[in-house]
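Undergrad: Mind having a look at this structure? Questions to follow.
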């Protein structure tokens, strides 16, 4: 029997809307299932993930090797070493604050729906359905965009590896067409969908392998690349050089610094995965929040050392960014390749190092599909998506199989915009950062406003600092939403315009319009599927 939570019988309201209740020292899984029923859902997914497994999925989605490798050229262009070395810990600290606020809410409401369920509960019956609708669509579209950008970045890196392996751009190397790159992107998504069709126990193994690969990979590359390089940057260059020669008509130093922060903020996304995996995690009200916080914290530490190590191998920024170098302007690929070529006469070692990064990106995309499929499963369970009954189906292995393939298909469709215009594709990808962070900020905003006095935290909580931390998190998301919507080149033309506000504004328009003209008549927020 499915009903809107606001229409439950009086005797059920206490159970369905209860805050965290201590359940004693009984079996952890039984306690998790009871808590899930208190929130209005029956256990349908396989609850086998440990704290380590939950952390591993999120850590492999953040994947500092993925984000920093992909946008290292952006960091070099806008500010260079100084922006990257000092911008990373600034963004890392503020991201941790956002994560702390999310972790506190996750502890109170450990469900796969995550953000949109939190918004519904925090806003109450009057505003809950609209808040849930808005948050949910920003979250799921943002997650699909993350999957699109991650797997596309892998396809691009594979193309660069092929280019360097066949002689490089200056040696007659093979440059794949955009159709070949899109084909590789589709193949990668197909593999990720197959892996995510396996039982969660198998996926958990791959997730933990991914976490180890990311940790070890960062350590190895951080030490290896500057050691192999025959020419190394001085400490003064690494810690003080400020690159203002971006070639994009921007001379304001503060403006350049702000644009360079995109590299860090793009990397530190996707940590809502721990929340979406809570219905498959033991002691979810504790281990879900731990997964969020630990994944961010460890990523910030390892990411800074990765930036530091690679930047010590930087000696000629204009050459690294030039499309005429062997890697076609892919900065980190050129750094790796030249480091080995200059020392050993062959860049083969650099290509192997790029392979290490490629595997990390592959794991990142795999975990991203895991996360977005659980979000789609939960959102459709509450009837919010077209053909919801189809995406909510769980197979014999307790995997939301249709939601897995839906995420892969939509991510591929998003990438097809690249065939028409790189500008259109970048607009799609921009939702991966700003769109997703808006989804993060909405429930936090509701927690510090509408629910500032009524919110009852779970076992993980920030105590009296919860509201303060929440406001800092909201203000930071508001700040980056403005900063990353600013023009990145002058003069502004169709090709140089930053389409982020267009993409995010378009998503907002569609979400609100669909609510006004349709969803408000039938979507009542999260619904219970627990029998009376």
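Quick reminder: no glycine exception, Cβ is built from N, Cα and C everywhere.
The following feature annotations were taken from TrEMBL:
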| type | residues | note |
| --- | --- | --- |
| TRANSMEM | 51-73 | transmembrane segment |
| TRANSMEM | 85-103 | transmembrane segment |
| TRANSMEM | 179-198 | transmembrane segment |
| TRANSMEM | 210-229 | transmembrane segment |
| TRANSMEM | 292-314 | transmembrane segment |
| TRANSMEM | 344-365 | transmembrane segment |
| TRANSMEM | 399-419 | transmembrane segment |
| TRANSMEM | 425-446 | transmembrane segment |
| TRANSMEM | 467-490 | transmembrane segment |
| TRANSMEM | 496-517 | transmembrane segment |
Undergrad: Checking distant contacts: for the transmembrane segment (496-517), what same-chain residues at least six beyond its ends satisfy Cβ-Cβ under 8 A?
TA: 130, 133-134, 137-138, 141, 248, 423-424, 426-428, 430-431, 434-435, 438, 481, 484-490, 523
Undergrad: Where, among 210-229, 292-314, 344-365, 467-490, do we find the most CB pairs under 8 A to the transmembrane segment (179-198)?
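TA: Answer, by Cβ pair count: 344-365.
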Undergrad: With pairs fewer than 6 apart in sequence excluded, do the transmembrane segment (344-365) and the transmembrane segment (85-103) have three or more C-beta pairs that lie under 8 Å?
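TA: No, the transmembrane segment (85-103) and the transmembrane segment (344-365) are not in contact.
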Undergrad: Using Cβ atoms only, state whether the transmembrane segment (344-365) and the transmembrane segment (425-446) have three or more pairs under 8 Å that are 6 or more apart in sequence.
TA: no
Undergrad: With contact taken as 3 or more Cβ pairs under 8 angstroms (pairs 6 or more apart in sequence), are the transmembrane segment (51-73) and the transmembrane segment (292-314) in contact?
TA: yes
Undergrad: Counting only residues 6 or more past its boundaries, what in the same chain has a CB within less than 8 Å of a CB in the transmembrane segment (425-446)?
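TA: The answer is 98, 101-102, 105, 115-116, 118-119, 122-123, 131, 134-135, 138-139, 141-143, 145-146, 148-149, 152, 262, 265-266, 269-270, 272, 414-415, 417-418, 470, 473-474, 477-478, 480-481, 484-485, 498-500, 502-504, 507.
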Undergrad: Who are the long-range neighbours of the transmembrane segment (399-419) in its own chain, taking Cβ under 8 Å and residues 6 or more past its ends?
TA: 45, 143-145, 147-148, 151-152, 178-179, 181-182, 185-186, 189-190, 192-193, 196-200, 369, 372-374, 376-377, 380, 390-393, 425, 427-428
Undergrad: Counting only residues 6+ away from its ends, which parts of the chain sit with a Cβ under 8 Å from the transmembrane segment (210-229)?
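TA: Tertiary neighbours of the transmembrane segment (210-229) are 55-56, 59-60, 63-65, 298, 302-303, 305-306, 308-310, 312-313, 335-336, 338-340, 342-343, 349, 353, 356-357, 359-360, 363-364, 366-367.
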